[in-house]
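Enquirer: Shown below is the structure under consideration.
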Amino acid sequence: MAKRDYYEVLGVDKNASENDIKKAYRKAAMKYHPDKFANATDAEKKDAEEKFKEINEAYQVLSDNEKKQQYDQFGHAAFEQGGAGFGGGFNAGGFDFGDIFGDNIFGGGGGFGGFEGFSGFGGSSRRSYVEPGNDLRYNLEITLEEAAKGVEKTIKYKRTGKCEHCHGTGAEDDKMKTCPTCNGQGTIKTQQRTILGVMQSQSVCPDCHGTGKVPEKKCKHCRGTGTAKETVEKKINVPAGIDDGQKLKYAGLGEASQSGGPNGDLYIVIRIKPHDIFIRQGDNLYCEVPISYSTAVLGGEVEVPTLNGKKTVKVPEGTESGKLLKVSGEGIKSLKGYGKGDIIVKFTIETPKKLTDKQKELLQKFEESLNDKNYEQKTSFMKRLKKIFKDIID
């Protein structure tokens with residue numbers, strides 16, 4: 001069955017603001033929230049579950065600027081396996097409903113709380129609430145030359161890692177006991193009366209962080225958190241062709257989890273230093289090259305810069321200021337692995353200054369030797385100007 005358009009699912013158009021999308025999501029999610037179907041038939045529960053999943057899938061994409069741009073460009077194909085988006089399709093894990101509904105809209109502190117994987121319409125009451133550690137972001141500054149050719153960099157960053165003394169358990173001698181707060185369930189349930197009726201929600205136990213276990217005796221080194229601050233050194237391979245603002249993901253190099261889950265990820269954000277000569281647009285490089293008046297008139301050869309040194313190019317006779325010349329294949333290597341961009345040279349004619357009397361005299365004689373045929377644009381402009389004045393007088 002084909003997926004519905006995400007904008008249609010939330011009932012908004014493509015130009016809807018972030019706030020409008022959030023309001024539409026809240027309204028739709030409240031309508032199909034599982035607690036409202038507690039006494040419904042199995043068929044109604046199943047239908048509501050599918051709609052609720054669809055609503056949250058749509059919101060997870062449209063509320064994220066990067067994913068929204070991918071969806072607008074590629075549609076659902078952006079998020080299919082191997083597509084241009086986030087690869088594995090929609091996953092509710094780690095999605096913070098509390099950001100939309102607030103901590104108390106459906107009861108106790110976590111919004112939809114334990115509605116993990118959208119299995120809240122039934123099933124086992126004992127689930128795994130192990131959460132991954134936090135992701136980290138690192139800004140890596142490189143030169144344009146390094147971006148063009150690729151480079152290996154070594155970075156150092158601080159993160160919250162596992163405590164070496166308790167191996168991340170938080171317990172002295174690794175001895176654990178059943179969490180008394182949640183009785184080993186990993187979650188706590190809360191009920192609250194709202195205008196929609198009594199709402200029940202589940203949230204991760206704040207004491208055991210969803211594991212159902214707590215230390216018999218807390219580790220004296222980490223005080224029971226199972227984590228410790230550490231400095232990590234990592235070699236980063238920056239591929240040739242990468243652009244400013246693009247990210248490199250290193251799975252598992254983020255912060256440690258407090259609930260025994262996997263580490264978060266490390267995202268390297270590339271920042272390219274401004275260049276003295278070139279401006280980059282995609283895989284092409286743009287630069288301005290000044291030429292003399294005589295070279296512009298008579299033509300000739302000039303040296304233009306590239307990332308691999310200088311290259312001699314021909315300047316056509318009669319070149320005007322602002323004329324563009326393409327130097328093929330001297331731009332940035334495509335990140336996709338094939339082809340290179342170009343260098344686009346913009347010629348600017350430099351007007352000579354501080355002329356001697358003799359030079360001025362020669363230039364004046366040269367100017368007097370010219371006629372309308374030598375100035376096509378000027379002649380054309382004067383004809384049009386003359387016609388305008390004639391029409392006004394008539």
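FYI, residue positions are counted from 1 along the chain as it appears here.
Note: Cβ is positioned from N, Cα and C throughout, glycine not excepted.
Sharing the features that Swiss-Prot gives for it:
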- Cys163, Cys166, Cys219, Cys222: Zn(2+) 1 binding site (BINDING)
- Cys179, Cys182, Cys205, Cys208: Zn(2+) 2 binding site (BINDING)
- 5-75: domain 'J' (DOMAIN)
- 163-170: repeat 'CXXCXGXG motif' (REPEAT)
- 179-186: repeat 'CXXCXGXG motif' (REPEAT)
- 205-212: repeat 'CXXCXGXG motif' (REPEAT)
- 219-226: repeat 'CXXCXGXG motif' (REPEAT)
- 150-231: zinc finger (ZN_FING)
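For the listed features, I'd like the structural context: burial, neighbours, distances.
Expert: Cys219 (Zn(2+) 1 binding site) carries neither a helix nor a strand DSSP state and counts as coil. A sphere of 10 angstroms centred on the C-beta of Cys219 (Zn(2+) 1 binding site) encloses 22 other C-beta atoms.
Over all protein chains present, the Cβ of Cys179 (Zn(2+) 2 binding site) has 20 other Cβ atoms lying within 10 Å.
Looking only at the domain 'J' (5-75), the predicted model's pLDDT averages out at 85.
Residues 176, 214-215, 218-219, 221-222, 224-228, 256, 258, 260 of the same chain lie 6+ residues outside the repeat 'CXXCXGXG motif' (163-170) yet bring a C-beta within less than 8 angstroms of a C-beta in it.
The list of residues near the repeat 'CXXCXGXG motif' (205-212) in space but at least 6 beyond its ends in sequence, with Cβ under 8 angstroms from a Cβ of it, reads 128-131, 178-182, 184-188, 258-260.
Within the chain carrying the repeat 'CXXCXGXG motif' (219-226), a Cβ under 8 angstroms from the stretch's Cβ atoms is held by residues 162-163, 165-166, 168-172, 256, 258, 260, all 6 or more beyond its ends.
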Enquirer: Roughly how many Å lie between the Cα atoms of Cys179 (Zn(2+) 2 binding site) and Cys219 (Zn(2+) 1 binding site), rounded to a whole value?
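Expert: Computed Cα spacing between Cys179 (Zn(2+) 2 binding site) and Cys219 (Zn(2+) 1 binding site) is 16 Å.
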Enquirer: Identify which of the binding-site residues Cys205, Cys208 has its Cβ surrounded by the largest number of other Cβ atoms within 10 Å, counting every protein chain shown.
Expert: Cys208
Enquirer: Restricting the comparison to the binding-site residues Cys182, Cys205, Cys208, which residue's C-alpha is spatially nearest the C-alpha of Cys219 (Zn(2+) 1 binding site)?
Expert: Cys208
Enquirer: Given a separation of at least six residues and a C-beta threshold under 8 Å, show me what packs close to Cys222 (Zn(2+) 1 binding site) in the same chain.
Expert: Cys163, His165, Cys166, Gly170, Ala228
Enquirer: Cys166 (Zn(2+) 1 binding site) has how many other Cβ neighbours within 10 Å of its own Cβ?
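Expert: Cβ-Cβ neighbours of Cys166 (Zn(2+) 1 binding site) within 10 Å number 24.
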